[in-house]
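Enquirer: This is the structure, below, for whatever I ask next.
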Amino acid sequence: MATDTFCDQLPYISVPTFLYKPKTDPTTCEHRSDSHESTTISKSEKDAAFPGILIPLPRLDSMVNVLTLAARDASVAVGGPSWNVRLGRRDSTTASRSQANTDLPSPFAGLDALISAFANKGLSARDMVALSGSHTLGQAQCFLFRGRIYSNGTDIDPGFASTRRRQCPQSGGDSNLAPLDLVTPNSFDNNYFKNLQQRKGLLQSDQVLFSGGSTDSIVSEYIRSPQTFARDFANAMIKMGEIQPLLGQSGIIRRVCNAIN
């Protein structure tokens, strides 16, 4: 989950995972989203992101600082909330793909497993539901939701399942993409929760948030009050940003995201 083994991982759910991958150009860092599409962030682009800082602040040029700020600003850019970001975080001297994969909750997880995974990082069930609301944006690959849309289960709307099957056949097409929020996939809003109420959650780990369990009431609250959702999301992002940060003399300021200085 949220540790500072950067280029390995960044806070889960709303912020994509950063995984190390050897590249021809050592000045770039691969950025993998939930859809497994990749972009790169170069050191020159990173350094250009914060020109002309006029007030005394901790160094901003660690990758973890830049990317944490970018996550906040991306939320604002698509109509989501803003929140205060604590600066001064430093980058890790180690990296572990297996640790990142272990910490990230599974898209096939049940409610109890999700609550436990978040609790292990000091986050409440309410934090978990709020952070899951980041799935108002983004896409998922077919192989992550194929089982759900072909299950003929009572927890999925038949029309929604039929729509999703058009781009996700029972065989092949594993990397085909579908929006996590079919209604407003490019806006930060509370439609994600409305979808769950209608049994239109794309991933199993989405729909279990509204399936007769302990988090149903939170989902219903966020449907009634998008302001409450936005407030709780911002607060949960702040809490997640405080999970095991490297501060002071701990860690390093990486000159290249995917390599130790």
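Just so it is clear, glycine is given a Cβ too, placed from its N, Cα and C backbone atoms.
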Enquirer: TrEMBL has Asp181, Thr184, Asp189 down as binding Ca(2+); which of Thr136, Thr154, Thr215, Thr228 does it also list for that site?
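Expert: Candidate in the recorded Ca(2+) site: Thr136.
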Enquirer: If you average per-residue pLDDT over the domain 'Plant heme peroxidase family profile' (7-261), what number do you get?
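Expert: The predicted confidence over the domain 'Plant heme peroxidase family profile' (7-261), as a mean pLDDT, is 81.
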Enquirer: Just to confirm: which same-chain residues, 6+ apart in sequence, have a Cβ under 8 Å from the Cβ of Thr184 (Ca(2+) binding site)?
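Expert: When sequence neighbours closer than 6 are ignored, Thr184 (Ca(2+) binding site) has Thr136, Asn191 within Cβ distance under 8 Å.
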Enquirer: Can you tell me whether DSSP puts His135 (heme b binding site) in helix, strand or coil?
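Expert: DSSP call for His135 (heme b binding site): helix.
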